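This report concerns only the one structure given below.
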Amino acid sequence: MKEKTIIIVGGGQAAAMAAASLRQQGFTGELHLFSDERHLPYERPPLSKSMLLEDSPQLQQVLPANWWQENNVHLHSGVTIKTLGRDTRELVLTNGESWHWDQLFIATGAAARPLPLLDALGERCFTLHHAGDAARLREVLQPERSVVIVGAGTIGLELAASATQRSAAQRSAAQRRCKVTVIELAATVMGRNAPPPVQRYLLQRHQQAGVRILLNNAIEHVVDGEKVELTLQSGETLQADVVIYGIGISANEQLAREANLDTANGIVIDEACRTCDPAIFAGGDVAITRLDNGALHRCESWENANNQAQIAAAAMLGLPLPLLPPPWFWSDQYSDNLQFIGDMRGDDWLCRGNPETQKAIWFNLQNGVLIGAVTLNQGREIRPIRKWIQSGKTFDAKLLIDENIALKSL
């Protein structure tokens, strides 16, 4: 009996890890990966960090260059797909080539959610999603520049930190570093994925670094001239050399939509990463999961891309699905490393340590059960915290925040 052929569509973290997971879980059939990027699949998190800070940064590949050939995975880079061929099981490229598939994994990722008012600025406006975006930004984040960033989510704050650090490192004694202003519609920073005490810490951290953060505000009018003139809802006018925005994502779902798969700013999948077509799976930023209660949930993180790649591979091969660890992601801002794990909801967080010393852990207890945590420059503690959250361990709050008691002894 001829082995089936699996095609992966996409060139990012989820796509590469799906290929790796399929081989690791025993799939020996024909395996193809199609990507519109010419690079080998590379890590996205460094784009807002080291790719902006280093003078000659190198892309960090998800898998070693020799892995693809050694594992007999056929890479098709720099190609454009015309249709997935849901009915015919024939993927068609714009160059006329067609490729048969028995199962399909879609990991086309997402793009920056558009902001037409700023997109009209053309090359003077920046978003960050690909290596080319980081290369363009690296060139313009120079001393003396005025930089306006729209959006104070994770990417917006990382960009603010990187812009401040890069210009400070490059300036001469007579030059000033970038003047960075962040505009945020909400009343706080990182409102979607950080608890209140961490939001307050990050706001203060950026302000101390010289970043101006304007909350409860938005751009109403833009005039393009020698500098970009931005008029805000508050009535204030800003002058900018560089304008960057990051206000969320827009899933790259067009191919799926044209194939009549269920979409809702993302390809709708179940908890096995299966779409409404049992032969088609999806994962990473392009996917949105329908939970048991019918709600749609998207998790935009490096780890989620890895997890869904493993889940989809197991489901495609008819194997038991791996157990999911608690959600986890990290953010590097200035010299700080913050790691977020578990449930970020709720207002009653406990703090172990002193954030003013840039070393602390915030804990989220629900009826004594640890359900979430954030570490500030305490990454070594994530491993035991992950185990505690997975096991539903209960704690005495006073003992948990007592620095005289080692966490590992609890």
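Cβ coordinates come from backbone N, Cα and C, glycine included.
Taken from Swiss-Prot as is:
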{"type": "BINDING", "residues": "5-36", "note": "FAD binding site"}
{"type": "BINDING", "residues": "146-184", "note": "NAD(+) binding site"}
Review point. If you draw a 10 Å sphere around the Cβ of Ser21 (FAD binding site), how many other Cβ atoms fall inside it, taking every protein chain shown into account?
Key: 24
**Study point:** Candidates Val9, Met17, Ser21, Leu33 (binding-site residues) - the one closest to Arg166 (NAD(+) binding site) by CA
**Key:** Met17
Review point. Hey, does DSSP put Gly156 (NAD(+) binding site) in a helix, a strand, or just coil?
Key: helix
Study note, to complete from the structure: Within 10 A of the CB of Gly151 (NAD(+) binding site), the number of other CB atoms across every chain shown is 25
**Study point:** Cα-nearest neighbour of Gly29 (FAD binding site) within the listed binding-site residues, Gly151, Gly156, Ala161
**Key:** Gly156
Point to revise | For the binding-site residues Arg166, Arg176, the one whose C-beta sees the most other C-beta atoms within 10 angstroms | key: Arg166
Review point. Are there residues of the same chain, six or more positions away from Thr181 (NAD(+) binding site), whose CB falls under 8 angstroms from its CB, and which are they?
Key: Ser146, Val147, Val148, Ile149, Val211, Arg212, Ile213, Leu214, Leu238, Ala240
Point to revise | Integer Cα-Cα distance in angstrom, Val9 (FAD binding site) to Ala161 (NAD(+) binding site) | key: 33
Exercise for review: State the count of C-beta atoms found within 10 angstroms of the C-beta of Ala161 (NAD(+) binding site), not counting that atom itself.
Suggested key: 26
Point to revise | Cβ neighbours of Ser146 (NAD(+) binding site) where a neighbour is any other Cβ within 10 Å | key: 16
Point to revise | Intrachain C-beta neighbours of Leu33 (FAD binding site), sequence separation six or more, cut-off 8 angstroms | key: Ile7, Ile8, Val9, Gly10, Gly11, Ala15, Ala16, Ala19, Pro41, Val73, His74, Leu75, His76
Exercise for review: Determine the Cβ neighbour count for Gln13 (FAD binding site): the number of other Cβ atoms within 10 Å of its Cβ.
Suggested key: 27
